[in-house]
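Everything on this sheet refers to the single structure shown next.
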Amino acid sequence: MSAATPAASSSGGVSPVNASAPDVTQNVSSIDRLVLEYLRSRGHKDAERALNESLESGSVDESAKTVSAEDLIKTLAVYAQKPSRPGDNVLKESANVLQELTAMGNPPSIQTLIASLGTVGAEDILSVDPTDKEEGFRELEAWVEGSLDMYKPEFRPILFPIFCHFHLDLVQRGFKEAALRFYATYSPSLAPMHHATLHHLSTLLLPSHVQNDDDAQRFKNEKYVIRMSRSGFSLLVGWLTEGVGGEATGAGDGFSGEKGKRGRAAIMRVVNNHLRFDVTSASATAVSPNAWEESTGLLSQLIPQTSTSVTPNPHTFNASKGELKLGPAPISEELRAETERVIREQSVLDRDPNAQYDLQFLRPPAVLGVISPTESDMLPYPQSFKTVDVQREVEKVRDARKRIRLEPSALSSIDMNSVQGGAARARGLPSICAYTLHDVGEGAPCCTFSPDLTLMAAGFSESYIRLWSLKNEKLKGLRNDFSLSSVKDSGSLSKIQQKEGNTTRKLVGHSGPVYSLSFDPLGGSAVPPRYLLSASADATTRLWSLDTMTNVIAFRGHQNPVWDVQWSPMGIYFATASRDRTARLWSTDRTSCLRIYAGHLSDVDCVRFHPNSLYLATGSSDWTARLWDVQRGACVRVFIGHQGSLSTLAISPDGRYLASAGEDLAINLWDLGSGRRIKKMTGHTASVYSLSFSAESSMLVSGGADWTVRCWDVRGAGGSGKSRESGVTESTITRTNDDENNETSDLLATFPTKRTPITNVHFTPRNLCLVAGNFLAPDSR
Amino acid sequence: MSKPKAKAAQTHQTGIYKSDSVRDVAESLGIANLSETVASSLASDVEYRIHQVIEEASRFMRHARRTTITTSDIDQALRVLNIEPLYGHNPHNPPVFRRALPFPNAANVGPVYFVEDEEIDFDRVLREEKITLPKGVSWTAHWLAVEGVQPLIPENPPAIPKDVDQEITKSPPQANGAFPLTPPSESRSTVKKQQQQQQQLVKQVLSRELQLYYTRLTASLLPPTADSTKRTAALASLRNDAGLQALLPYLIRWVGEGVVTALKEGAQTEADGRSLEVLLDVVSAILENNTLFIEPYLHQLLPAILSTLLHSTLPPSHTTHLRTSAAQTLSRLLTQHSTTYPSLSPRIMKTLLVALISADKSKGTREGAIRGLVGIGKEAVRKGLVEGGGVKVVGSECTPGETGPLVDSVMTALNVLHPASDMPESLDATDDGDTVTIAQLQDVLGNFFAEKLHGDKGWALGILGSIKQQS
């Protein structure tokens, strides 16, 4: 949403049109000239230009020519204020719809039906009576609710786009009261699923708002895709044309009356101009209740255009992008040999013969069905390895050996309260240590642990960062008063270290709330990190050296607040997500960014690297998550299904799954390889702030604003357990209120805290779970 | 659009920002005749802009991981929308909006809110209020779960929010028109689930009636004021009423605490003595009540009785009565429960013996121990006084010719062992048989009490006989 006022948008590019207008008017028909003169007299310069252009190119739709001049003026006046995209969709016609349907390979019978609808739609575009919309929508709702149960999940998604278009039409034509009445009457039934969009639409009250609002324009200019089975679609067409087929009893005089006919026509207009039906051959019963989330909506801009895909379907897009290399990153032979040597030496020193067998952990088992990248695929990294690399790899092996194995699958079949349940709990669920911040003033948007758990950092709304040593060691920086020439080796460096220190340290530098922090991962769990990255509302990302405890670089480039920052799994590179709708890749040795990942239609809220650092996942306020090829900068997967902004992401350590949490309070689990949703996990009652996979990728832990930490079974089937058993029908599930139980069956455990929203959840490589949050004192707000 | 109809609809249908407000603002700027259409579309536009800002601010709120919008969010939103922020508000102390009283002369205005603008008196602030430096952010760590089980520690929320708690949270104090707190909608179902998981660990909740009964009861018993009728009634209720089982743990705890407080400060005053008496009465009343299942609580009840019995210094005027009634209660308890709880009497014996024999015990304690033994029975007296050598210890501590409660208690105990004869006939030191008896007596009872028995030959012989008979 931009801050531009409506007045500003119509001012640009007017004078050249005026100059050329007289020439154009001479070679157009009398009707058109009338229109042009009218437009000019009323000062609708944009519309005038639009008409001129369309006249010149001769692309005025046939049906538009058949209408009377007077009506055309009326219609055009409505669109007159439209600043851009002249004539794009305004009079888009049944011909186009027909073409699209042909491309989809529908049987000709449906095409003829559509064609017959088309002419009616074109006539009725001129009817401006607001009552027909209300009447039409009432009829449609009655029809959907009166249809057979097996078709209801298919038909219900139709209501929402038609509602939106009716509402926008009413607003755009200046029927504010009618729009408000329409909204008040019909929005409650749609509110549970589309609350966010509906609320946004309700704020639009004047035609100029509709013209300038991004979401409204997306509705106007994009096709709303609805997935339907073939039989369902023909039922819908049948009802639209003849008014038969599953009409609810006692729903008024139906389509026999004059009112009903016009209402139906209004619906058909929307169906023709703004909807696109993705007709599948699957039977209606095979569609799961949540499937519509993935294939319904204004998809065309969400999915990057490729030459092959005609219909915007996320699955076809994801399939067209080919296979991904999701396997673990390769380790160079030299590094591996050195690590093996160190492990052997240590095993001799420790007199621990078993440690020899640890070497198996060095070669991670190849995950089935996943391609591993070769060294040539990787981002450029330094050729030679350092001591810290060896230390990290050795510690990784040790972690793998000492890991607490979590087997959540053991829990699924056992009653939690029984005796065996206790043992299974111990085996299946992690130990969670909670770090609670107290006396936080305005709030701490982020709190994070270093990979070796020696440090904890929190970013505050008051623009500073605070570091704590979790081992109670003193954090020392460097003194200011030393001459550079005296520093020769590490010994002289330690001499200029500060003598005194505290176990906590404040890092000051940002000028806005700090939204994200990331410790450098190079040392792994073996060595304390040396760098910290922070992202802030002041549009900068800053790199802090933990040796000197000072700010080293401020990375500028984003135009808007930076929401998230994360190091790549092997250091050097990092990615940021910003309100300016882009994610960017940076490296620590350059101040400008290396790649810009553009394509999201709204804020990019979070970024996560794939464990092999080849891919980058982003979550956005446009309700989608995307996976990008880091090097090429291209989008390779789109994940559509959330019904709200995304708040956080997590990629499993085995590299196969992506978990995303959204403002719809659901956590979705995606298969990265196919781009398909595996399942939807619900249970949280407020925003989810953080997600983390266990080291074996078998368990997901989430923390959020409802003051709870929840454990989810990744491999479990999921699905709504209780509500289905009790025989509640689909309709009540979709319209559940908040107080009803909507926990899916793969929710293993819920651990409430005392008034502490959990801002970070972190699994250590040994499967201990750490969570952090700031305590809200009961009197504070 | 028909004008009158539109107007009528507008009054109750348009959004939050009314066209009247626009007209008010226009009038304040000196624009008198603003047309209805202009005002209404301006109002609509203003509302849209406000929504725009709020939508933007809510993003900042979400990323700041909060659930309430603060003034800083609005500032940030204005900044990114390229509007100058509203300076002068800080989120540390958000303004409290108060609702104005309805104006009598303008009924249709609707609710009016305003911000309280307090006048600050600098003199007073400087004199009275100490400005404390905030502590700064700190952290604590605790186990939220250990192997999937949430430990019941104070850092974690209680397993079951009791009904009372829920009622409290349901009605937060919103008297001054404060915003609601930021509770994530805690769904009942999760609570219920936890309830199932941890049900075994949780005590029964007392009904309101029982709670009321408990407070009335304890109030009428203690402090022991003059109103003896009430007390008697309370004790009678304890003795006979059924359905007090749920209160039992609380009552026993109350008795235990009462005894401790009474004995703690030396227990020298009259009031302490009387309250101890009452508490003993309560204990015996509980024991007498047939409907109560008291066995699980015996271990909690015994310390109260034994403390009273064995305490070194009881209030002088009550000493004898207290120790006697404690001993009686003890004996009652034993007769009732020693069958089902076989280890009970040996354990009590042991405690009493320790009090009787071990060095450095006061006379009061010794007396209490002897009375306790008497209460337990003849066998206990024989074991404690004679075999355990209790009489000798007591005798050695007594100066010759001493009388007092301790000596009396020993004599009572000896009486239990064998009743004194009705017509005492003194032992004759010259008689041979009597000399043997005296020697035996001195051997068994020590010099002090042997002398006491000199006056009654039959008793002495009886005691000796009863000892021999057993051994």
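First residue shown is number 1, and so on along the chain.
Even glycines carry a Cβ here, placed using N, Cα and C.
Per TrEMBL, the feature compositional bias 'Low complexity' maps to A:1-21.
Positions annotated as domain 'TFIID subunit TAF5 NTD2' by TrEMBL: A:129-242. Residue counts for the domain 'TFIID subunit TAF5 NTD2' (A:129-242) under DSSP, split into helix (H, G, I), strand (E, B) and coil, are 91 helix, 6 strand, 17 coil.
The region 'Disordered' annotation in TrEMBL covers A:1-23 (among others).
Annotation comment: TrEMBL describes A:718-744 (among others) as region 'Disordered'.
Marked as repeat 'WD' by TrEMBL: A:507-554 (among others).
Using a Cβ-Cβ cut-off under 8 Å and counting only residues 6 or more beyond its ends in the same chain, the repeat 'WD' (A:555-596) has close neighbours at 329, 379, 381, 512, 515-522, 531, 533-543, 602-613, 616, 618-620, 628, 630-631, 633. As annotated by TrEMBL, repeat 'WD' applies to A:555-596 (among others).
For A:597-638 (among others), the entry in TrEMBL reads repeat 'WD'. DSSP assignment over the repeat 'WD' (A:597-638) gives 0 helix, 24 strand, 18 coil.
What TrEMBL records for A:639-680 (among others) is repeat 'WD'. Broken down by DSSP into helix, strand and coil, the repeat 'WD' (A:639-680) contains 0 helix, 24 strand, 18 coil.
Taken from TrEMBL, the feature repeat 'WD' covers A:681-715 (among others). Within the chain carrying the repeat 'WD' (A:681-715), a Cβ under 8 angstroms from the stretch's Cβ atoms is held by residues 399-400, 403, 405-409, 411-412, 428-430, 432, 434, 647-654, 656-657, 659-663, 665-669, 738, 742-744, 746-763, 765-767, 769, 771, 773, all 6 or more beyond its ends.
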Secondary structure content, the repeat 'WD' (A:555-596) (per DSSP, counts of residues):
0 helix, 22 strand, 20 coil
Write out how many residues of the repeat 'WD' (A:507-554) are helix, how many strand and how many coil, based on DSSP.
0 helix, 25 strand, 23 coil
Going by DSSP, how much of the repeat 'WD' (A:681-715) is helix, how much is strand and how much is coil, in residues?
0 helix, 20 strand, 15 coil
Over the repeat 'WD' (A:507-554), work out the mean pLDDT and round it to an integer.
93
